[in-house]
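Chemist: Have a look at the structure that comes next, please.
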Amino acid sequence: PAGRPGAVIHSAGLRVRDLCQRGHLHHEKRPCRCSGEADTHAVHTPEPHLPLCFSLDQVWAFGLNCSNCLGTGDSQSSILPKKLDVLCGKKVVSLSYGSGPHVLLASEDGELFAWGHNSYSQLGNGTTNQGVAPVLVSANLLNKRVTEVACGSHHSLALTDAGEVYAWGYNNCGQVGSGSTANQPTPRRVSNCLQNKVVVSITCGQTSSLAVVQNGEVYGWGYNGNGQLGLGNNGNQLTPCRLVGLQGLRVLQIASGYAHSLALTDEGLLYAWGANTYGQLGTGNKSNQLSPVQILTEKERIVEIAACHSTHTSAAKTQSGQVYMWGQCRGQSIVLPFLTLFSCTDDVFACFATPSVTWRLLSLEHDDFLTVAQSLKKEFDSPDTADLKFSVEGKYIHVHKAVLKIRCEHFRSMFQSHWNEDMKEVIEINQFPYPVYRAFLQFLYTDNVDLPPEDAIGLLDLATSYCEKRLKRLCQHTIKRGITVENAFSLLAAAVRYDAEDLEEFCFKFCVNRLTEVTQTAAFWQIEGNLLKQFICRASRCGAFKN
């Protein structure tokens with residue numbers, strides 16, 4: 001968002017999407033172009049701080065530069081993309097963002113880079129100096145391949161391909177898992193209960209840490225004042241502790257909010273625990289839960305859960321693609337999961353979370369796939385694939401017989417009843433002007449009408465002749481949207497002529513409500529006498545001429 005320090009974007013030809021939600025919210029994702037590069041990829045991290053763009057093998061950053069979070073080597077904010085040479089050629093597999101802000105990035109080669117805020121050594125370089133540019137984090141990670149990173153407010157986690165967890169940074173509540181509350185300046189392996197475990201996933205709350213091991217057990221450590229570790233108490237944990245409340249369940253995914261946690265099992269069951277001030281647990285109340293409780297019990301199988309350490313919002317997606325949200329949403333507290341119109345959980349956080357963020361790194365690549373509707377629209381008036389032409393006012397319109405037969409009863413009869421037209425490659429049309437007939441054929445391919453109101457009158461005539469009821473309704477809607485004082489009486493006359501009662505009533509009321517202006521237009525005095533008399537009589541009965 002403008003004026004805020006952050007949001008990581010991996011730009012790649014995003015399609016514009018109009019997301020409507022209750023409350024008349026419209027959210028759009030638009031294509032972005034960075035430094036003239038059209039073929040880019042976009043990633044979005046869970047904090048509104050740092051726009052990054054990855055274009056081919058190059059990496060660019062722009063936006064506000066709080067605590068050097070852009071990594072450009074200086075403290076200057078920039079509205080123009082700046083190239084980050086040290087990251088060029090690196091394929092990003094994981095990226096996370098703290099509240100400082102500080103940034104962690106893991107590459108496909110297993111390298112770990114860090115930059116930004118470092119007052120608590122959360123960059124893992126052994127100092128508290130700000131990281132003005134991405135630096136390779138190597139302390140205690142030599143010969144280790146990092147596959148996943150996670151950031152809390154001011155602490156950091158890294159997961160290796162061997163299933164080991166390393167932690168460093170701020171440790172006032174034990175979130176580093178070292179057994180003390182001393183800050184950790186460099187990566188240190190989290191052991192104790194995790195010593196002989198293979199960890200497969202990690203996540204951070206603001207000052208807490210969670211990990212899922214290979215057998216589906218969940219371990220937590222750090223701050224637990226709201227029960228976000230799910231241990232049945234609210235005491236902080238300086239070392240990892242297993243969540244006994246999930247015993248017997250195999251957890252596939254965990255997600256941490258600001259001070260609450262979610263877990264998804266292999267059976268598609270959803271559990272929540274921790275802070276519940278905004279209803280983020282989805283239990284129907286605002287009481288904190290010290291142990292995991294199952295929610296969405298009456299819904300179908302859950303396949304994805306979402307939360308972000310900077311928000312009090314939760315989301316989940318079901319097997320059929322339904323997306324639910326709850327918690328703090330646009331300043332309101334939703335205490336039970338609410339079914340949205342979204343198709344992915346990322347849109348919940350982009351539209352309703354405070355701040356507006358996404359909860360994971362995204363790669364939004366260009367998709368060449370076309371739906372059936374998109375393919376039909378693309379092939380309208382295409383000479384390459386058409387098998388029939390209409391000639392109107394000397395201009396050709398290229399169409400497909402099969403589409404016309406499927407979409408229109410008039411053409412179905414024409415091409416199946418041995419009319420003369422069935423044998424022709426070119427059909428002459430003399431009853432209607434070119435813009436009107438082209439709009440009609442385009443409607444059969446797109447379900448849309450794209451004409452000015454005056455031409456829509458002619459299309460209304462065609463729709464009446466061809467008995468196309470839906471097209472008739474769309475024409476009336478188009479005319480209503482384009483009515484003015486100058487054309488109102490002409491549109492009224494057309495509505496009467498084509499027996500469009502709803503449109504006639506609309507135009508009549510428009511004329512009566514603006515009677516003085518309408519009666520001074522040329523259209524009013526050009527109308528034939530009978531219609532003019534009928535209008536005056538009807539307007540009189542409505543009291544239009546009373547003093």
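The first residue you see is number 1, and the count goes up from there.
Just so it is clear, glycine is given a Cβ too, placed from its N, Cα and C backbone atoms.
Just so you know, TrEMBL annotations never went through curation; they're auto-generated.
From TrEMBL, for reference:
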- 386-453: domain 'BTB' (DOMAIN)
- 57-108: repeat 'RCC1' (REPEAT)
- 110-162: repeat 'RCC1' (REPEAT)
- 163-215: repeat 'RCC1' (REPEAT)
- 216-267: repeat 'RCC1' (REPEAT)
- 268-319: repeat 'RCC1' (REPEAT)
Chemist: Summarise the repeat 'RCC1' (163-215) as counts of helix, strand and coil residues per DSSP.
Modeler: 3 helix, 23 strand, 27 coil
Chemist: Counting by DSSP secondary structure, give me helix, strand and coil numbers for the repeat 'RCC1' (110-162).
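Modeler: Tallying H, G and I as helix, E and B as strand, the rest coil: 0 helix, 23 strand, 30 coil.
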Chemist: Looking only at the repeat 'RCC1' (216-267), what is the model's average confidence as pLDDT?
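Modeler: Result for the repeat 'RCC1' (216-267): average pLDDT 96.
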Chemist: With DSSP as the reference, give the number of residues of the repeat 'RCC1' (57-108) in helix, strand and coil.
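Modeler: Its residues fall into 6 helix, 24 strand, 22 coil.
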Chemist: According to DSSP, how is the repeat 'RCC1' (268-319) divided among helix, strand and coil residues?
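Modeler: Going by DSSP assignments, the repeat 'RCC1' (268-319) contains 0 helix, 24 strand, 28 coil.
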Chemist: Within the repeat 'RCC1' (216-267), how many residues are helix, strand or coil going by DSSP?
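Modeler: Going by DSSP assignments, the repeat 'RCC1' (216-267) contains 3 helix, 23 strand, 26 coil.
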